[in-house]
Amino acid sequence: MSTIDSEKFLPNSENLDSNSPQVRLSRESIESINTAIHSESFDADVDTPPGERVSFASTTIAQKRMKRGFAFTIALLVVASLATRKSSKYNVILMISDGFGPASETMARNYFQRINKLPVHWQSPLDKILVGSSRTQSSDSLVTDSAAGATAFACALKSYNGAIGVTDEKKPCGTILEAAKKKGLLTGLVVTSRITHATPASFSAHVLDRGMEDLIAQYQVGNYSLGQTVDLMFGGGKCHFLPKGQEGSCRSDTINVWNMAKDNGYNVISTREEFDNLDIRGSNALPVLAALSPSHMSYDIDRDPRKEPSLAEMTSKALQILDTQTKDSDHGFFMMVEGSKIDLAAHGNDPAAHVREIIAYWDAIDAVKSYIDKHPNTLLVSVSDHETGGVTVGRQLDPFKYPEYRWNPEVLSAVQNSSSVIARYLSNYNKNDNDNNPSATKLDFIRNTVYPEWLGIKDATHEEVNTLAKETDTTLIEDIINESVATRAEIGFTTHGHTAVDVNLYAYGWGSKNLRGNHENTDIGSTIIDLLGLNLGEITDRIAGDNTKQDSPYDPYFMTLMTKGRQFE
């Protein structure tokens, strides 16, 4: 019997991508069946009593024909089933929990359980979809930064710390977002940092140093060889889109990228009201750029919901828009969502802000999982670029005494604001009027308001109050506040920077089984490339000549780290 012609029975090429999982599976299924048809299993002897050898041949031939006919029928059923599905209609949502390590997940879970009086077996939205872990080193250090970490995801290759969408040889590398756009998918970036910050930039720009945010902004609105590649951008950082000299600008040149975005067809918005009123169904819904704060958006603990949406709200809105705009398309969408300020809180060693950012990220995870439950052709991958802070859930307070085995989540629940907000207020205290008691001294204000009301600390020592009252440097004020909170909660931090520990890997939905186990961070990008059938090499060739160096002044990454430290991150 002849073999099955795979091309004859494969679905119409107009509806299916030749590299799609369905087409690959169809070919593999047919090849396996062809092999089986001619294998020894189809020619095996049957148990025939002696004396009935005359009928043996006809019986064996009949069985062969029956088995081959059955195999052929199965092949047709497999291919027909696959043919009814639009293979290219797949969505991938990559969620990056910047600076979020395994200990931070434990801390947030313990906190949420204790504060909400939940049973010990309660699981967070991430606990339920844990599939493995990711290694994090960059090409030049065992401890990566966010730029190299995101480039590993975006380009599926290792690069140096500070690199934005460029190789170790400082050449542009095509990203999964750009390749997805080229393939026909819609694309989105949703963050709580500046949209020009390291993680979103690594998917949408190609510069030698992450400090080149002015040039990154130009890339993001389509001012390079590929044109407009990001259909939806939600986050902060309007300052890098406004020309030098204009109110709210932080650019070092006079290029008006905000107007450039408009000229390139973007609907540009910057207020909560505009965000709430975004049209999700109209033909002008995309492309859209929502820069909802001058720089980074607020910590969730400080966020005014009348002015800024949460990460979950931005994620849900993005899903509504991208889903609606791909409804009649044969292609889906790729979206990167970042819980950006998990990292910034850990850089500051602010345990209260850190845990609230994680819970806000959980809310976004829940929103995506709910979407996937209704759209099973969607993959969610959640992973961190690195761990920040060296978080320890438990702490030795006295170096000369063996520590108690405990930590106190209730301490964190009493904190009303991030240390950065309180520090800014205190550093300008003499310029601020205290409406309740204008004659109050800074010392009294700290003793009677900052510690008991803002931080929930009723037993502040005389030394703590005096030290905080005397300090004028904002960063050092943050340190004093955070130490007061962390010691009472018995939470520890080993660094204001990053660490090299492996981070948790989570996945849900279509193709999630491909991520089980321990992976190098570049494997995350490679898995997405394979599942979506993307061609990053073609993109890399097309952008080879694009500008990777900002002409106007900028703060180089490593120099800025040494002078500004965690404020830069």
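Positions of Cβ are set from backbone N, Cα and C atoms, glycine also.
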Could you check which of 1-25, 26-50 is flagged in TrEMBL as region 'Disordered'? 1-25
Return the count of C-beta atoms lying within 10 angstroms of the C-beta of S146 (active site, phosphoserine intermediate), excluding that atom itself. 29
Around E338 (Mg(2+) binding site), which residues of its chain at least 6 apart sit with Cβ under 8 Å of its Cβ? M95, I96, S97, D98, L189, V190, V191, T192, S193, T199, P200
Restricting to the chain of H386 (Zn(2+) binding site) and a gap of 6 or more, list residues whose Cβ falls under 8 Å of its Cβ, or answer none. D98, G99, G101, T136, V143, T144, D145, S146, G149, H498, T499, A500, V503
Which one of these binding-site residues has the most other Cβ atoms within 10 Å of its own Cβ: H197, H347, H498? H197
Whole-number answer please: how many Å between the C-alpha atoms of H347 (Zn(2+) binding site) and H197 (Mg(2+) binding site)? 15
Among all protein chains shown, how many Cβ atoms are found within 10 Å of the Cβ of D98 (Mg(2+) binding site), not counting that one? 28
